[in-house]
Amino acid sequence: MKILIFIIASFMLIGVECKEGYPMGRNGCKIPCAINDNICKTECQAKWKQSDGYCYSPGMSCYCTNLPEDAEVWDFSNIKCRG
């Protein structure tokens, strides 16, 4: 019985994922950053209170985690950057 409860609980946890992505500036572009810069955390939390952020080094752009599902983030297939 305990194993059955454990399996059901495991399946429920697998489906729990938070949205992540690059926040956009006013011009629709990704927000540039430098490594070890706190601007990303500040930018992410200014838009979405419960989120966190860091500078993603390969692209040198801010990246936000723990976003709500309706959060608008930069999307490669729909680039709106006017920069």
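Just so it is clear, glycine is given a Cβ too, placed from its N, Cα and C backbone atoms.
Database features (Swiss-Prot):
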type: SIGNAL; residues: 1-18; note: signal peptide
type: DOMAIN; residues: 19-82; note: domain 'LCN-type CS-alpha/beta'
type: DISULFID; residues: CYS29-CYS81; note: disulfide bond
type: DISULFID; residues: CYS33-CYS55; note: disulfide bond
type: DISULFID; residues: CYS40-CYS62; note: disulfide bond
type: DISULFID; residues: CYS44-CYS64; note: disulfide bond
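Taken as a whole, the domain 'LCN-type CS-alpha/beta' (19-82) shows an average pLDDT of 89 in this prediction. Between the CA atoms of CYS62 (disulfide bond) and CYS29 (disulfide bond) there is a gap of 11 Å. Of all the disulfide-bonded residues listed here (CYS29, CYS33, CYS40), the one with the fewest other CB atoms within 10 A of its own CB is CYS29. Rounded to a whole number, the C-alpha distance linking CYS40 (disulfide bond) with CYS55 (disulfide bond) is 6 angstrom. Each residue in the domain 'LCN-type CS-alpha/beta' (19-82) gets a DSSP state, and the totals come to 12 helix, 18 strand, 34 coil.
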